[in-house]
Amino acid sequence: MTSQDTSLALDVVVPVYNEQAALEPSIRRLADYLTDAVRVPWQITIADNASVDETPAIADSLADRYPNVRVIHTARKGRGHALKLAWGTSTAQVLAYVDVDLSTDLSALPPLIAPLLSGHSDLAIGTRLSRSSRVVRGGKREFISRSYNVLLHGMLGVSFSDAQCGFKAIRSDVAAKLLPLVQDDAWFFDTELLVIAQRSGLRIHEVPVDWIDDLDSRVDIVPTAMEDLRGVVRVGRDLMRGVIPVQSVYAELGRSPIGAVARPSFLGQVVRFGVVGVASTLAYALLYLLFQGVLGAQGANFTALLLTTIANTWANRRFTFGIRGPEKAATHQFQGLIVFAIAWGITSGSLVALNLLAPDAPTAVELVTLTAANLVATAVRFVLLRRWVFRAPKTSSSPAADSASLSTDSGAGARPPVALAQDGATPESSASSVSPSSVSASSVSPSSSSSSSSSSSSSQKASAA
């Protein structure tokens, strides 16, 4: 990552709220590391997040002493709001952020930004959940973090492994398109950004990190977790309704498949459908037990069925029928709910019919009836998914048409080379909302130093039930 250009390549944002004790040593440490390890022009942006202690004064003092440190003051709290403001007013090619406690080892920064500078990837995240990550934190935080990411995989069908690690980066052109779509201004900002990015067909690069928990963290775990759960429900609902325009982002920035994705054979689809069905049944049982004490039997049954149906449709879409990309994803989920309702009607109807024909039928007869009805419902569900919801598109009989289609897809997925430094015009959609009085920045002079290396991404794929 070397460049003779003096245009700004990297902006590392540090959001802070009442961090008078940690701010100065952390900025010094970060600046020293960037000077030694990053060989592209960089700057540090301190995003003061409505602090009420000495943090604003310390931040201004650091900006006066360091020519490549700037400060943004905002009157509103919220990490997401601070990042939107800082990234939206930056001219850098790559926009990153790190937590002020520097819990993540900074040696992961060069491999984090390398694929963004080259244009290979669109976003990059540090992951604490990779097998090669080295993490020191309490059991409670570990359980909550892993449970949250499992929930994301099941409900929203994500493939990234760690949504909440405070160590991320994004290309500025991608940020200009995605930031206006992100509603959350607090802790759910990271998750919402990543979900929209993945649904838009963007490439997310992952770097295993070494991470030590900050014992002085001001994050209140339980309220934050509840806010995140509400955010998951909102984003899932908006994606199903088509409120979030992922199709337009995909058309402009998404990476289309180079060639057509081969669909599994009929036998392969049957086997995969069975695997997904077994996993869905197990997930339903676990969710029912989890919600029963809070929602009661009926509420737990409905919630567990709804969640597993959404996850089941996603898993069959991707795993059983080999469909990739965001096209018709919301439509498929809606159709999946209709198919589920039909299957549920078959099983319920069988019991109604049995009670009409044989009101005094023993339990064994009810069990046989339900088993037969479930077999019929399963067969009907598979046929509807295969022939209606995930119906294979008609293939062209013209070689010329096939060739043209492949050429179009390749062009859509290709990325022009990205220079290591650009003149980086400020994204108008974000910068226009910032009043001059709300932003103070020192003059920024580029800084460069010794070599850095790129690492390959460690993709953690999780199959949802």
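Including glycine, each Cβ sits where the backbone N, Cα and C put it.
The compositional bias 'Low complexity' annotation in TrEMBL covers 395-414 (among others).
Feature annotation from TrEMBL assigns compositional bias 'Low complexity' to 429-459 (among others).
The domain 'Glycosyltransferase 2-like' annotation in TrEMBL covers 12-178.
Among the features that TrEMBL reports, domain 'GtrA/DPMS transmembrane' is placed at 272-390.
The feature region 'Disordered' is assigned by TrEMBL to 395-465.
The transmembrane segment annotation in TrEMBL covers 270-291 (among others).
Remote same-chain partners of the transmembrane segment (297-315), defined as residues 6 or more beyond its termini with a Cβ less than 8 Å from a stretch Cβ, comprise 154-155, 157, 236, 276-277, 279-280, 283-284, 287-288, 290-291, 332-333, 336-337, 340, 344, 389, 463-465. Taken from TrEMBL, the feature transmembrane segment covers 297-315 (among others).
Sequence annotations record features per position, and here TrEMBL assigns transmembrane segment to 336-358 (among others).
Residues annotated as transmembrane segment in TrEMBL: 364-384 (among others). When Cβ-Cβ distances below 8 Å are used as the criterion, the transmembrane segment (364-384) is approached by residues 269-270, 273, 277, 339-340, 342-344, 346-347, 349-351, 354, 358 of the same chain, each at least six residues removed from its ends.
Sorting the domain 'GtrA/DPMS transmembrane' (272-390) by DSSP state (H, G, I as helix; E, B as strand; all else coil) yields 105 helix, 0 strand, 14 coil.
For the domain 'Glycosyltransferase 2-like' (12-178), the model's pLDDT averages out at 93.
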